[in-house]
Amino acid sequence: MVPLRESSDEETPPVMEEKPASPPSNIVDWDGPDDPQNPMNWPMSHRWFQVGIISLLTFSTPLASSMFAPGIGLLDQQFHSVSDVLSALVLSVYLLGFVSGPLIAAPLSETIGRLSVYHGSNLFFVIFSIACGVSSNMRMLIGFRFLMGTFGSVPVTIGGGTVADMMPPLKRGKAINLWALGPSLGPVIGPACGGWLSQRASWRWNFYVIAIFHGAIAVVAVFVLRESYAPTLLYRKTKRLRKETGNNQLQSKLESNISTAERFKMAILRPGRMLMTPIVAILCIQVALIYAYLYLLFSILTLAFVEVYGFSVGLSGLIYFGPGVGTMIAIFGQAMYSDRYVAKKSAKGEMKPEYRLPPLVLGTLLVPIGLLWFGWSMRKSVYWLVPVLGTVPIGAGLILNLVPAQTYFIDAYTRFAASAIAANTIVRSLVGGVLPLAGQPMYTKLGYGWGSTLLALVALVLAPLSWLIVKHGERLRTNPRFAVQF
């Protein structure tokens with residue numbers, strides 16, 4: 001993707017793989033530990049405001065991933081589609097865009113900085129949202145949905161890196177939980193809004209509303225969002241000092257001597273290299289499976305409640321609040337627990353990223369419980385609220401896996417946090433985009449009880465992985481045999 005650049009003077013080559021060759025007197029660094037230009041020293045209120053703007057962006061794009069779900073039946077009628085797989089693809093192709101987007105967004109943000117990548121992606125996201133709304137056939141809609149997802153993946157991919165730029169480790173947990181509200185609540189609030197929009201207006205208005213909402217946030221972001229990536233800021237400071245002093249030997253402390261093309265090549269390969277490490281691979285698989293389960297449910301919930309309980313399209317959107325309640329409970333629990341637990345553990349010694357991981361164990365157990373609850377209560381003889389309540393543990397389980405994993409990546413790979421989160425986003429979006437295609441055929445063949453039981457058994461088989469990384473995560477991360485050059 002091509003970002004909008006602020007000016008030619010603000011392009012920057014900020015990757016830190018090599019030590020600069022300049023003598024110490026020519027190295028440009030922050031003006032001491034309290035330099036107000038360092039994002040870590042910005043006023044705390046300003047840092048929280050920045051996190052809030054990023055959270056709104058990361059709410060808007062995941063909102064678009066599922067907002068359209070209740071209107072798929074109306075779309076099928078208009079375009080005369082009779083293929084369940086094609087209907088599911090309209091929904092899941094958005095997540096496949098979340099596979100391609102991070103491949104460019106993360107390395108670009110670690111090469112030229114965060115801000116221009118945000119602005120460029122926001123513009124193209126709005127454009128392709130409108131394009132989806134005016135689509136005249138299924139193929140056009142699928143193509144534009146993919147591009148919409150590609151640019152929509154940017155806030156989700158680099159938002160955690162932005163938080164890492166501004167927040168020290170012991171205050172990072174609450175900030176990550178605020179940022180995680182977006183990708184957690186967006187997919188569950190979306191269908192509730194989309195159901196009524198599709199029924200009262202048209203399925204096309206799902207995309208127009210997203211374009212208006214995201215466009216408004218993007219305009220605000222242009223005026224208030226600031227660059228936070230330290231290598232970019234130091235590079236700009238270096239360019240300014242070169243011009244003021246006439247000393248062209250000045251070099252940023254975080255600047256590399258290799259070419260921009262080589263830096264970008266290294267950055268674009270970094271998410272893949274991170275996936276070669278056991279700890280990143282295990283966490284990505286764990287999160288991807290639960291994320292895919294959630295989107296599989298999104299692909300069948302509307303039809304299930306219409307068929308079993310006779311809900312209307314508009315009313316069926318409200319059932320998505322079940323996972324939403326679970327995510328909210330888990331988010332607030334995490335926010336209260338995470339930093340406090342890390343501070344307590346760190347008081348006895350150094351702060352370790354593995355202190356973020358214990359909630360994984362509970363999260364991996366909640367998901368199969370929720371699946372069994374939902375599947376075996378999904379029948380006309382059982383009150384409709386019972387299966388909805390069964391989705392609450394699934395939403396909570398997702399958060400108790402996603403947030404600890406994201407916070408761990410930021411704490412363990414702070415400077416390259418965007419690449420670590422990109423690796424996670426790619427894997428979970430790939431699985432989350434493909435697995436829902438099998439959702440309707442599986443439930444049609446096995447029924448809601450046995451279909452959910454099959455999913456629960458797979459989750460239980462993988463559950464010991466969470467215990468493994470909580471118990472042996474530090475050994476996996478620090479073992480020289482698993483070391484990978486980023």
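From the backbone N, Cα and C atoms, a Cβ is placed for every residue, glycine too.
Residues annotated as domain 'Major facilitator superfamily (MFS) profile' in TrEMBL: 50-474. Taken from TrEMBL, the feature region 'Disordered' applies to 1-36. What TrEMBL records for 48-73, 85-105, 117-136, 142-164, 176-199, 205-225, 275-298, 318-337, 357-376, 382-404, 416-438, 450-470 is transmembrane segment.
Across 85-105, 117-136, 142-164, 382-404, the stretch most heavily in contact with the transmembrane segment (205-225), judged by Cβ pairs under 8 Å, is 117-136. Here the transmembrane segment (416-438) has Cβ contacts under 8 Å with residues 85, 88-89, 91-99, 102-103, 105-107, 109-110, 114, 153, 156-161, 164, 267, 270-272, 274-275, 280, 283-285, 287-289, 291-296, 298-299, 405-406, 409-410, 486 of the same chain, all six or more residues outside its ends. Taken as a whole, the domain 'Major facilitator superfamily (MFS) profile' (50-474) shows an average pLDDT of 86 in this prediction. Ranking 48-73, 142-164, 176-199, 318-337 by CB pairs under 8 A with the transmembrane segment (85-105) puts 142-164 at the top.
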